[in-house]
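Chemist: Pasting the relevant annotations from TrEMBL:
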REGION    1-40  region 'Disordered'
REGION    63-98  region 'Disordered'
COMPBIAS  80-97  compositional bias 'Polar residues'
DOMAIN    180-522  domain 'Arm-like repeat'
DOMAIN    646-810  domain 'NACHT'
REPEAT    1170-1211  repeat 'WD'
REPEAT    1253-1294  repeat 'WD'
REPEAT    1296-1339  repeat 'WD'
REPEAT    1340-1381  repeat 'WD'
REPEAT    1382-1416  repeat 'WD'
REPEAT    1433-1474  repeat 'WD'
REPEAT    1518-1559  repeat 'WD'
REPEAT    1560-1601  repeat 'WD'
REPEAT    1604-1646  repeat 'WD'
REPEAT    1647-1678  repeat 'WD'
Amino acid sequence: MTKPAAAGPQQPPKVSKTKESAFSRIASAARRATRPPVNIGDRSVRNGIAAVFVEQSKLPIALGQQPQDSKTGIHPDSLMNKSLSSPPVVDSTSLSAVPSPKGFLSRDDIFPKNLSKPTTRTRWPKFDDHVNTTPQLVLCATLLPDVSTPTAGSEETPNQPPKEDVVDSYHREWIAALQNSIEQDRLLWVVRGIIRTFVKDATNDSEDIAEVVLLGPILDREYYRELLESVVRKFEESDSMLKESLLQALVQLVQCAKPRYLEAADLINILGILRRRLQATHSQSTTYLYQLTLGVSSVLDVMAEHKVNDLNRIQEHEPLKTVLSGLRGTSDPYLLYQASYAFQALQYVPDNESTIQALGRHTIGVMESMVKLSSVLKLDLGEFFEGLKGIAEVAGTMFEGAKTGYEAVCSLVESGQGIVESLGDALGSGHKRPWYSAVRRAEAFVREGQLADFYRLVCEAPCRRDPFFQWGICQLLGDIAADSKWEVDTRQQAVDLLFALFRDETECQDASVRAWILTLLQRISAIPDDSFTFAPDTSRQDQAVKGRARTLLKDLTTDTVDSPIQTEFPIRSRMPLPRSSRLLKLVQDIPKIEYDLSQLKRLRMNDNRKELYVPPQAKPYLKAPDNITSPLMESVEDFLASNRLVLLILGDSGSGKSTFNRHLERELWDKYQPGNQNDSIPLYINLAATTQLDQEMMIDQQLKRYYITEPNKIKELKEHRHFILICDGYDELGSMQNLYVLNKLNQGQGYWRAKMIITCRSSNLGHDYLLQFKPLSAGRYNSDAADLIQEAVIVPFTEDQVREYIDQYVLDERPEQPKWQAQRYKSTLELVPSLMELVRNPFLLTLALDAMPRLVGNEKNLSQIKVNRLILYDKVVEVWIDMAADRFVAGGLSNVERDAFYLLCRGGFKPNVMDHLKRLAKAIFQEQNGNPCVKYSERRDKKTWKGDFFGMDPEATVLRLSSPLVRSGEQNSFIHLSVLDYFFARVVFDPEESTVDHASIASHPFAHGTIASYPSILQFLAERVQQNPEGDFMNQLLDILEKSKTDDKGSQAAANAITILVKAGQRFNGVDLKDVRIPGADLTGGQFDSAQLQGADLTGATLTRTWIHQADFSNAQMAGVCFGELPYLKSSHFIHSCSYSPDGRTFTIGLNNGDLELYESSTWLKTRTFRGHTDCILKLAYSLSNLHLVSGGRDGTVRLWDVHSDQPLLTLDDYSEPVAAVAFSPSGCQFASASGKTIWIRETKTGAHLLVLNEHTLSVTSVAFSSSGLQLASSSNDGTIRLWNLKDSGKSALVFSRDSGPVYCIAFSPDAGSRHIVSGHPRGDVHLWDTATGEHLRSLSGHSSGITSVTFSQDGRWIATSSADASVRLWSAKSGIQLSVFEGHESAVQTVAFSLIRQQIASCSYDRTVRFWDMSIAVSGSPSSAAFADGLSSGMSGSVWCVAYSPDGQSIVTGGSDKAVWEWNASTGKSRRPILVDYSTTIGCLSYSPDGKQIATAGYDTAVRLNDVTQRGGGLELWGHFGIVNGVAFSPCGQWIASSCFDTTVRLWDTQTGTPGSILTGHTGGATCVAYSPSGDQVAAGGEDGSIRIWNSTTSSGDAVLELVGHEGTLSAVAYSPAGQQQIASCGADKTVRLWDARTGRLQTILRGHTGQLSCISYSSCGGWLAVGAMNGVVYLWRNNYKQQPIESATAPASSSWSSSPLVIRAFHGVVASIAWNPQGHPDHNLEFVTGCEDNSVRVWRVIEEKNEKEVEGSGSSVRMVWGSSSGRLVAGDANIQGAIGLAQVDKNLLLQRGAIEGGSAPSGEFYVEDHTV
């Protein structure tokens, strides 16, 4: 199928420019599409165009497809790229301007333009006559308001012709008649009567079935579902010939379903029925079998569109695959194609097996391991894995799959394989094919009448030569030609296109397709007349189409050898139209006031569909406190039961007033009993739509709308009925009239009797607002009555109400909204700062929930989700403005305001509103210093700046009413402070406006104020940078930084600029920042490796958790710099306990040798040492008076100390076991101590026993007093927490327990009453308890090992925990949210302590240090600020034990203790996702295959796994080892893989089959590492025995050919030098690197001087560098100056070629476990390598090679970090602080502890090279 020829010769553009221009066009089109339209109806079209263009245009570029239409700029393939996981969007407007194609197939006379959607052709009946046929009934029903818009899936719904396209006078009569709601009701009644009759009738025939199916598209949901259930039931029960009609009916009903009509369970049930019928009919080749297969395809298509994803794998998915695959043996090509299509459709309907379950079927123990992972990361496992699966599916299908699939089809065509053979091959393949997507797109175009677009797709689809695609297109053309719904010209053009396709042998080469075309033409030439459409010319048109087919068929059969296919397939896909209308004739008419009321109820209930509803709370009056509330419904019920006449309900905009009103109306209608005159009639009145109140009563107007107007009926209602008027939106009425008085309610005979409920925004009220609502009291003419009015004010949602709303939201049936599980919404809300507060407004909550899934896509691992508030707010504001515009169009404005509105629309309504809001935000900050409340009085402030925004000018009024603002009296503000911040952020930079060129840096908005003081604005701006990392805003910020070097006035702007950049994740590694002026900048979490900061002004800057390794701060201004950490205290002994004094002045540590050391916290000088204990101090505690200290030791004694004396006041040695816990009572008169199972309460002065508590059954671990001192809590290894009443003889009042094993530690909350207890447990879990009830409140998850200490801050707001995982974590006591993780200890943390006075947290560890953490920084920002800053945390957790580059050097893979393989972009460091997660154990080693298609991994479960990279998992599992596998290596040819194991063996495996090869033996201890030689003929392995053994891999012998001995202790790594150097490097526990001749085994060189045991080793690809990692967190880079020779003449390098000392990187906090060089490195260019470390980090480093004047290579070499995952701590190794000005001594000590240097260079160690070549 020939593509349209380009208009004139064109040079192909360069790829980069094409991509750039393409994305420029995308942005331009998006801006045009989102520009405010001329009318509101145009908005959805424009938005659709933008969405389609943006979504569809990117994919062809990603696939490398550059061609595009020269005039439109639209890629031709964009028609193909819409995802089929949702219903196709047909964008006709973007294609209508495309010129007709000009190729052989591209004829101007075939489908030259898009048409209207095809409709059933029938005559309009005369209105006065009865509707005699069901097709006529359907035609008339299309004029009904709720039916006129057809659904995307409907094929039978006739479109309502535009008003100007009136067909005839009868049509005009029906249009006029159906303006009357009574006639509308009557028509609907007939439609529903037909359905009811069909459902009840057990004797239906095919005509009845055709009749009701015709009604399917016009039914409401209730009757549609009733009909569907009936057809399903009758189909299941049918065994007669009627089954074919019922089958067709079932399929058509499914296809025509409107949104939310079908449920997933319906489709699954129907598919199961069809599958079972297909199984039973499998061996037959009948029309019924065709229909069944076609039905399965259709249902699967709909399931894909509705995103049904829980098809039972065992019961449905696999059996259906089997049935469809079984059809591959059929000789009927039509049946084979339909089965293949169904099989493809099935690929888009996932089964219900979760990833966890799938893993469970393949991997032993995965469930247990992933549950452990979930406890660490706080994940919902199901969502975690399903999200990963979704991402893999999207990426694989839309990018890799599309491209490879297209190439596969092209190969298929070129090979000459036909469709019959390929169809059989396709069945069961399990892969998604591009032809299916293309056919689905084509079907969508045909269904919507967009035949020009369809034709263009046929000519231009990338898969247009695919026989599958051609087969499907031909079937669609045959359906068009045979269907009388189309005009005769269109049908004949379909025949012509079939003919043209057959003639074009270049495009249509497949013999089966050509035979299929002949078959179609033959069948078209004999189609039966569809003469029952009641259209006058249908028969004549059928004859014309058949005649055209016969003529063309005759031309073809005379000059072709092809023969038609003998098949009886159905030529029409739809059911024939009914020949009679029996059911219509059976339906009877219905009768007077009760009917009218029942109709009113029905109409109101239909209009008022159930919606999301959480019962609101209300306070009794406007100025009442928000905590005095009760359910609003209770207030309403109280009002209705009272004598009061008016209830005024107030609330902010979006508070849920209208939602409540609609809910109330439903409740009242549900209670209404027809005929019961005592029941009140609810009447909902939209006041915005009410007019002429001074001329007509509201009730009269409302009843008239429902055609209750007859005088006798009105009289009856006034005399005998009572109303409840629900008046919604008083503030939108445009009048301040008293509605009760105006409508003369309850005034006696002839007046309406009613109570009135009125809702109004509280911001629209004046001081004396009640005067507008007070009713007149009966008998008191013109006097109001205060006792007859009641008031209620809706308050914002509580957090519990928000959660309840979310629970309902996820169950809502709106199919257009992607849904998460409720917990995911709740967790995400808590992760976004201030969002929970914002969404307490129900309206904004809905907007936020709608937007959230689009923000995070299918990612379900909440630890990885970084919700961008900016995009959410963009969406919220956009929707807010759009809804305001819709509201204005509908009414509610005065005439002058309406004129102002339309004037604003001319310039773009949204841009005008946005500009208004930005100007307001800027004015608030400039005029009020950011004070968000603007007090405005028209009289006082009209001529001030406030008048521009809040004055009575019509334009200002319209803009204000369109804005997210609230007003209370004279106070005006944004609905939430964060919205003000959002608009000010847009003042700074607005992506929709051109960049503002400020005259000077001082004039920039950044030049005033510190952005760090406004964290919300900072976050908005940082996220704006992230939206376009190389865009105008980024360049603007970098330009400000550069200008600050020379502009003294630019320091504030520069500080703000770099604060934003760091927050956005911009890295400054190696960047020249000399002399930059950034005082007060917040650089938290920034990366400044090797940055040049000489002479920079950093005064007052924040460098918390920054990476400043090798940064140069010489002569920089550093006064007041905050690092967020303090220098640690170092002891020569293990530190087990620590505590601040209550006043924060003294800090005490308890040592392992029994000493207590006291420090002055202001200087950290040691003031005293208390000696007396003979063993470890297990616990210590201060009295609240700061005077006394009590300590308990492992020596079984308790000692009481006076802090001002060196001698103990008391020594109590009557304990038989170690004293595990001590605590002072609040009064200080008592203290508690615990030893073994017993607790003693003692008097402080004497030590005398007051109480002995001994109900625990195992040893007590911790004790704590309540704030009153009346209760004591204790924890024990028996798994309980006991609460003791000390006034009641120490009786145990409550026992708390949870299935978490022993309780290690507890703490009481310090609030009055001590309402909470926090406890720590062995598996790292922390629990919070209610002390009054013993109820478990929540769990705090994050630690990976046992909890050693828990404590509350003195104000009760925070909880700190320490753990054996070497971390300290800070939590919010109120929400349980983790606020910060403090890492730095190298061993288990034993105790954690607060000092609120000093805003510090202290922690002590067995690493012999006490570390101090700045709490003020930890609690002032986002919980994940560090992760947000560098953007590289990405969800990975745990130690990184292995790293590897892909062969092309573009990607890095890592594995570790999180039991997953992660993939990283080697250039940017962005983690794509965990690509392999099916592991039950830590991944200790991995290797990439040479072709990049496989990754080999191994861990602690003795298996080697070969994983298919392209499939993101799967592959072979190789079992045979009997211990931990610690090394894997591919052979250079990729055929073999070697694995080393602690079972002493090395095994070889075939990578294609998994067949075991040779078993290589010889080691006397475990084999610890393995490597293949570059030539592949050798395998080398190191072992615990200290030797290296080398085997010949080309022989089957398992005996070593060489043994290299010399190391002392275990070897950790071996590596071969690159091809041509014939060298092996090894390292291990003896801290040496040894270089060996690989051919002879002779030792050549020993590299010495490393300070720790060595863990890994790797040669660079050029052989010029050797990287060595050490267990003490150091990396060494040895330079080899050896010149590589040709391989055939190469000799091993001499020892003298190695540099005398290495480059040293001291930037790690744990074992450097793995190193790998980028294989694409080049000795003449910068080389890069990656490290994986026990400290959870992945880091890429670059070696910078420079030459000195003598051209000596390596003389000026250096290394710097390119990127690194989040370190979570300050890294300052080798940072130069020489001459730093103003740096405080305590900060200098900190930096020196972290490895910084003062001038010169860091000590390199005693390195030397031993030459062993002689």
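Cβ coordinates come from backbone N, Cα and C, glycine included.
TrEMBL annotations: computationally assigned, not manually curated.
These numbers come from a predicted model, not from an experiment.
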Chemist: Let's see if you can do this one: DSSP helix, strand and coil counts over the repeat 'WD' (1433-1474), in that order.
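Modeler: Residue counts for the repeat 'WD' (1433-1474) by secondary structure: 0 helix, 21 strand, 21 coil.
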Chemist: Quick one: DSSP breakdown of the repeat 'WD' (1647-1678) into helix, strand and coil?
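Modeler: Residue counts in helix, strand and coil order: 0 helix, 18 strand, 14 coil.
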Chemist: Could you give the residue numbers and ranges of same-chain residues that sit at least 6 residues beyond the repeat 'WD' (1518-1559) on either side and whose C-beta is under 8 angstroms from one of its C-beta atoms?
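Modeler: 1484-1491, 1494, 1496-1500, 1502-1506, 1565-1572, 1574-1576, 1579, 1581, 1583-1584, 1591, 1593, 1595-1598.
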Chemist: Quick one: DSSP breakdown of the repeat 'WD' (1604-1646) into helix, strand and coil?
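Modeler: Per DSSP, the residues of the repeat 'WD' (1604-1646) fall into 0 helix, 23 strand, 20 coil.
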Chemist: What parts of the chain pack near the repeat 'WD' (1170-1211), using Cβ distances under 8 Å and only residues at least 6 beyond its ends?
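Modeler: Distal contacts: 1134, 1136-1143, 1145-1146, 1148, 1150-1158, 1217-1224, 1226-1228, 1231, 1233, 1235, 1244, 1246-1247.
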Chemist: For the repeat 'WD' (1253-1294), what's the model's average pLDDT?
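Modeler: Its mean pLDDT is 90.
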Chemist: Run through the repeat 'WD' (1518-1559) and tell me, per DSSP, how many residues are helix, strand and coil.
Modeler: 0 helix, 22 strand, 20 coil
